[in-house]
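Working notes for the structure below.
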């Protein structure tokens, strides 16, 4: 590809003016002309038609192979200087460029009238052009072109032509090395700032939405296999086609969570670490993007990325783990944008619009954009950004005549490359190589426009509007559509692809939109169009304000946080109008600079600000929030670009002292943003800190009170929870969930019932209110009504596993075992990932006599939830009942590894006690009693072990202490009776049993046991008749009491009533046919009867 030498218009040849001198080989000085010379681009080569060879360069100038360009900078770096990058610019040594003084503008105006003519004997001999910076007030330390010459920095330039074969050494390698070090240093600073601002979040836990998206997500939780459901379920693990689905389709983000768990488990530290790394990458890629496509100065790109790295609005997206969707989508968004730019011809373009020179990068852009959409829905907006940027920026670089040659410009005609405030290479647009625009470029090849007046600061100048009108009416632009063919091809491809992926998105959603409640987005439920329009418009201004002044930040902005704008007289409409005016001016500014490509920073800033926010603007569909700080992560890139561009413009309008003050203020702002971000990280460390901060920040928000009350309820702080539930209801009386939860904390059943009924009046399909009311009626023995409500709860919440368990247990109590089993099976089918449901079904199977089937469900519960210690304990008890004591002990110990609790130690201690391992049982019960010293049953079990081991005094003391605390303790009296009996103090033992009987327990089996124990004590005192009466009372209450029947037979046996004794023995034998003692007594009775019969026979003879 051929190119022409760099344009010489406006540069002074020969000795530098107030600058350093450069030596020129003898005979190499060019002749100077007083005639105006047209500005020429760096490359003026024109391509021929398809299949033709490239023609010569325009203007018959020597090619770049004959002439080389070297720029040298002299003078000292000062504020206002721009930086080079090894491509002809000096290293970026400052942030913003200071404008030239009036004296320097007059000198540059004089230099524009000079033209350089190269001597013929140097054609073909490589030359270098060395530009020496002028020194003086307002001059920068970087090589920058002047106004009208492509220069924006202060001071002129001294250009000296030297032969490539002569002096003037090449400093490009050293500049490139320095530039590489500068880039590495900038990247290190950005990465360090990003990590320092968010390193505190590494200590955070799973909070808020993290619990539902990761901990409780069946597609993500540990042990769940990698299955196709990830690509058919939403972000929270529900099927996309279901009515209750949130319709947030983000499978790639879910896969990153799954990968996190696969590599590091459920440790939240590594989840936060990945988020911070992704944020660092986004910051670095943003700096690269700004350097390549936005700013002429790498210093400005660095400041933009630094502002983005420390902005407090990103805290929710980075410190909240589910915010990874926004961060990763932003990274893919930028990569897709860069790939699209890389796919286009960056060099000399024969057609008016650049052709696609790399289909690979174009397809890569489509792929990355699709990945961004599969991470979060807003990622699809990158395609709109690419097309608009292509149309308004990439395709219009320089003016060109109708025949492909450069258009000479009259002295009165405005130049197509007005000076910018940012330093850059004089032959590059925004520091990058330029391309040609299409034929008939505005202000390029038409008749001269009216003279351009001096800038008044208004973004749309009258010549710009005149240029647009002339362009639209020019007869030479009738073939405009033909010249746009390359762009049309790309646009058709991209738009067709977008339609395909949008159709896929609608198909995976089942053709339905998500369902939201009024508290999620109150404005969208307003019946008045004016209210919706005014509120939506104001919300746009409110989001912009959060970017400008992130002072008040909150994790949730729903339910009363921002009152509706219901009238045009609301003062908040002024903010909306102000935003509309600013956006209109910026848009007109971009249109005015359309062909001249002035201030591309404004164009890119607007694209990055507006397009990613469109899905959250309620413009096309209702969203499930009022304001969400996380969705501003991508739009904040545009804000940062516009903010830094505005600062750079202010620097050019201020004097040196004012520019220094502005830069100092910017540094102070960055420090304040960093401090705010660090403080916000502390809020996201735990559920308590997060929910408490919401109450402190937005006390008029009912949702934050509700969330904080839920946390307090989980912590057992019921009084505080009730206060915040009532506060939420005071702020939003229609909060059905708050009414339902308040009912669960109310001890008064009548009041609780009232809360449940009010919740159902507001929301008749509230499945949890139906569930709670059903359980309340169940406790009141209104079982049929309870069954109806529980069935309705399942109907409106088919994935509510607790409703299946409660209904099945109620049916089992009524001995409707078939219906109960069907309910359990339906629940397992609809909620296959519910570990509690599998555990409860296992309990049901054990109770109905299918213990072996129960083993499989207990194991499935443990597989779904490896920390399900209740299922482990139940499995241990099951193995204990089956006689497999070693397996029972193993599962008890596994449960203890998960949760070291007294309720797990207790069955393990019982196992040791019943197998005669009293020492181990004593140790276990002592440990359990230490964990829960107020637990009566544990202390009784400990006293029982002590009594068995012979430590009756300690056992008696411990039991009497319990009786003093609770006089109605039936088990205490039974244990005291056993202790006194072991001490052979039968009178006290008998007295303890009588006290137990005086408590009048309701269970007949318990009373039967007490009478049996009393009979034993009377038998020890040889009071056989009273003992017999006690045994008789025991079997009357519980006919299955085999020991009582046997002891009654024994008493009759002793008394010599062998017939009665045999009758009682045989009755006991029916209950315990394998009793050896009973068989021995019967054998003794047979021998006695035989002897008696022999004696009788002898007496008769």
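Using N, Cα and C of the backbone, Cβ positions are placed for all residues, glycine too.
Predicted automatically and left uncurated, TrEMBL annotations should be read as such.
Looking at 465-486, 487-508, 685-706, 707-728, the range annotated in TrEMBL as transmembrane segment turns out to be 487-508. According to TrEMBL, the feature region 'Disordered' maps to residues 133-155, out of the candidate ranges 110-132, 133-155. Among the ranges 269-287, 326-344, 383-401, the one that TrEMBL lists as transmembrane segment is 269-287.
It is 573-594, from the ranges 441-462, 573-594, 749-770, 771-792, that TrEMBL records as transmembrane segment.
Across the range of the repeat 'TPR' (1008-1041), the DSSP-based residue counts are 27 helix, 0 strand, 7 coil. Long-range Cβ contacts of the repeat 'TPR' (970-1003) within its own chain (Cβ-Cβ under 8 Å, at least 6 residues beyond either end) map to 937, 940, 943-944, 947, 952, 955-956, 959-960, 962-963, 1009-1011, 1013-1014, 1016-1018, 1020-1021.
Across 487-508, 529-553, 657-675, stretch 529-553 shows the highest tally of CB pairs under 8 A with the transmembrane segment (606-625). For the repeat 'TPR' (1042-1075), the DSSP-based tally of helix, strand and coil residues reads 28 helix, 0 strand, 6 coil. For the repeat 'TPR' (702-735), the DSSP counts in helix, strand and coil order read 27 helix, 0 strand, 7 coil. Per DSSP, the repeat 'TPR' (902-935) is made up of 27 helix, 0 strand, 7 coil. Applying DSSP to the repeat 'TPR' (767-800) sorts its residues as follows: 27 helix, 0 strand, 7 coil. With a cut-off of 8 Å between Cβ atoms, the residues of this chain six or more beyond the repeat 'TPR' (767-800) that come close are 238, 244, 736-737, 739-740, 743-744, 749, 752-753, 756-757, 759-760, 806-807, 810-811, 813-814, 830-831. Across all of the repeat 'TPR' (970-1003), the predicted model scores a mean pLDDT of 86.
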